[in-house]
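Chemist: My questions will all concern the structure given below.
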């Protein structure tokens, strides 16, 4: 039975009998976080559309499916034990306990994130962060990963990679939180962890068939999907960063302002960098830059002012743009540049937060007190941000690699698709469904799959030619 009543103004009153204390929940704050939760949910299919548009059409549907599957798997994992492992009050510096296993007693008590909202609301809001992190990471299976084993991978990865990093970053008992690391909305738990996991997955899976040849030097099959995905992500990021204030206050408004500004500057920066080479105004380049700016501003969105956000967007666009060349230097095949955008972008954002965080901006909510970053002459903050970034990178890369190789030797759980499935396309091989009515297999892979398939195509082609000839003959001459 919840211990809630209403006061004369309509706000919720929670009474803790054990402590003989009351907490007031403002319904406006709760409504704002509920809407923010829904906005972050919308970002997850946005990731799917963004990734899908960048791939070849024969793999387009699988990316949209994986993003939705991430919601389902992680939502169950979060209910089962994920929330408890990340946010139990009796956590160790590295991971929580099973205090809230099955969401037991996650109800009306003030949340560990903020006394402004109850634990139940904080739980579902943070669930969306866990969902999108997994969706970002498993985008690395693009065009060569099996869709069954990836569901198992998502459950395991969220449990032993995301949850511990979220615990040490956001839980009051976490080592980075105690150290003084500043991460407002997920620079390390969301972006560095997912980007680094994508790097580990790309290395494990190996290169796609035809990598390094003109056959894979293709342009996105559906730029409209890329734009739609960016729209969902940019729109949802207001809930992602603004909602992280956990209250409808001035700090939330400031987070929304710097989020929009960094995205705008990042998009223009990346597009201009591409223009200097192609002499074309690239929509994909603009969208990639906007995402880079959004990633970079995420950890600092509740700590920095608008002038700093311009630099976040600019450096996010520049550094992430050049980081896309790392895969050619180091020889791995990151089909969607997830590490370059999210891994590198998250590190850029963390370090810039150490430089530009201001105590005055953090105090916009009326109660947060921090020493600030270099602008406030708190120079050790950069070291705290670097330590958190390195720890997140190393932990995610090593543990993700271990998970992949353990699954590799378990029958039925190997993540790498066969060469035949890769040639045919993951949509057909793994799903038997397509994003479009027609998928030009021969045009995309450059050869026939099997003699029987070639014969069938030849027969279909002859039938089509005969039909055209008949139709041509039936047209009256002028």
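Backbone N, Cα and C atoms are what each Cβ position is placed from, and that goes for glycine too.
Just so you know, TrEMBL annotations never went through curation; they're auto-generated.
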Chemist: According to TrEMBL, which of these ranges is transmembrane segment: 184-205, 360-381?
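Modeler: Based on what TrEMBL states, transmembrane segment spans 184-205.
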Chemist: Would you mind telling me which of 10-27, 280-297 TrEMBL tags as transmembrane segment?
Modeler: 280-297
Chemist: Check each of the ranges 433-455, 456-478 against TrEMBL and return the one annotated as region 'Disordered'.
Modeler: 456-478
Chemist: Is the transmembrane segment (117-138) in contact with the transmembrane segment (30-51), using three or more Cβ pairs under 8 angstroms as the rule and ignoring pairs under 6 apart in sequence?
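Modeler: When sequence-distant Cβ pairs are counted, the transmembrane segment (117-138) touches the transmembrane segment (30-51), since at least 3 lie under 8 Å.
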Chemist: Answer with yes or no whether the transmembrane segment (150-172) touches the transmembrane segment (63-83) by the criterion of at least three Cβ pairs under 8 A, sequence separation 6 or more.
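Modeler: The answer is yes, given that the two segments have at least 3 Cβ pairs within the 8 Å cut-off.
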Chemist: Looking only at the recorded stretches 117-138, 225-246, 252-273, 335-357, 392-410, which one has the largest tally of CB-CB distances under 8 Å to the transmembrane segment (184-205)?
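Modeler: The stretch with the most contacts is 335-357.
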Chemist: Is the count of Cβ pairs under 8 Å between the transmembrane segment (280-297) and the transmembrane segment (392-410), pairs 6 or more apart in sequence, 3 or more?
Modeler: no
Chemist: Please figure out which one of 225-246, 252-273, 303-323, 335-357, 392-410 racks up the most CB pairs under 8 Å against the transmembrane segment (150-172).
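Modeler: It is 392-410, which has the most Cβ pairs under 8 Å.
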